[in-house]
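Colleague: Below: one structure in structure tokens.
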Ligand code: TMP
């Protein structure tokens, strides 16, 4: 059995990644359906019953920064063990709305947790495991903040300042520059149609 592929979507809140997830999933399904495989769509924090309970706490409850990072990785361990690893092993593909790049960007870049601590947790929880492909939706913080302003009541992260999101964005871009073969960076200020054209190329190339 050929292992499936693991694809993640990333970006600061308001970058617009969620708009593209459903459409991208359909393109992936079309690509792999003839081989009898399917696409498992999931998200972090979350993706399992325990992970969704942790998400509720993480997005709404003030907590110590290290607790926050540990809970993100605890939810991830559960997600890997119950959802991601079994799906890939049976040959399905997994499309996740965020993964560990988000912890480096938010808890590391945004909140300032030292990178070596996050790297230690990443090694513990994932070993050397990384997505096969990560699509990073990149936008300037002022564009993201306008987009966030248009939605419902903000959660704990969505209420953060532009400077927080500036540091978060910078860490995402640093991670992308560090692993250029894994990342595709999309200028998410473009129109939905132009972004879909780029994503179409991404689907053909994997
Ligand atoms: P979402 O709104 O894109 O579903 O993501 C949930 C929020 O959680 C988002 O504001 C980013 C944040 N987050 C982290 O701070 N660290 C992480 O490791 C993950 C996965 C998400």
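From the backbone N, Cα and C atoms, a Cβ is placed for every residue, glycine too.
Worth saying up front: this structure is predicted, and the values here are computed from it rather than measured.
The ATP binding site annotation in TrEMBL covers 11, 12, 13, 14, 15, 16, 17, 18. What TrEMBL records for 9-198 is domain 'Thymidylate kinase-like'.
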Colleague: For residue 11 (ATP binding site), list the number of other Cβ atoms lying within 10 Å of its Cβ atom.
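Modeller: Excluding its own Cβ, residue 11 (ATP binding site) sees 27 Cβ atoms within 10 Å.
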Colleague: Near residue 16 (ATP binding site), how many other Cβ atoms are within 10 Å of its Cβ?
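Modeller: Taking every protein chain into account, the count is 18.
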Colleague: For residue 18 (ATP binding site), what is the secondary structure state per DSSP, taken as helix, strand or coil?
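Modeller: Looking at the DSSP assignment, residue 18 (ATP binding site) belongs to a helix.
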Colleague: Does any of 12, 13, 15, 16, 17 have a Cβ within less than 6 Å of an atom of ligand 1? These are the binding-site residues; tell me which, or none.
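Modeller: The ones that qualify, in sequence order, are 13.
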Colleague: Identify which of the binding-site residues 12, 14, 15, 17, 18 has its Cβ surrounded by the largest number of other Cβ atoms within 10 Å, counting every protein chain shown.
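Modeller: Of the binding-site residues 12, 14, 15, 17, 18, the highest Cβ count within 10 Å belongs to 12.
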Colleague: Which residues, in sequence order, are found in the same chain with Cβ within 8 Å of the centroid defined by the Cβ atoms of 11, 12, 13, 14, 15, 16, 17, 18 at the ATP site, excluding those residues themselves?
Modeller: 137, 139, 144, 147, 188
Colleague: Could you give the mean pLDDT over the domain 'Thymidylate kinase-like' (9-198), rounded to a whole number?
Modeller: 96
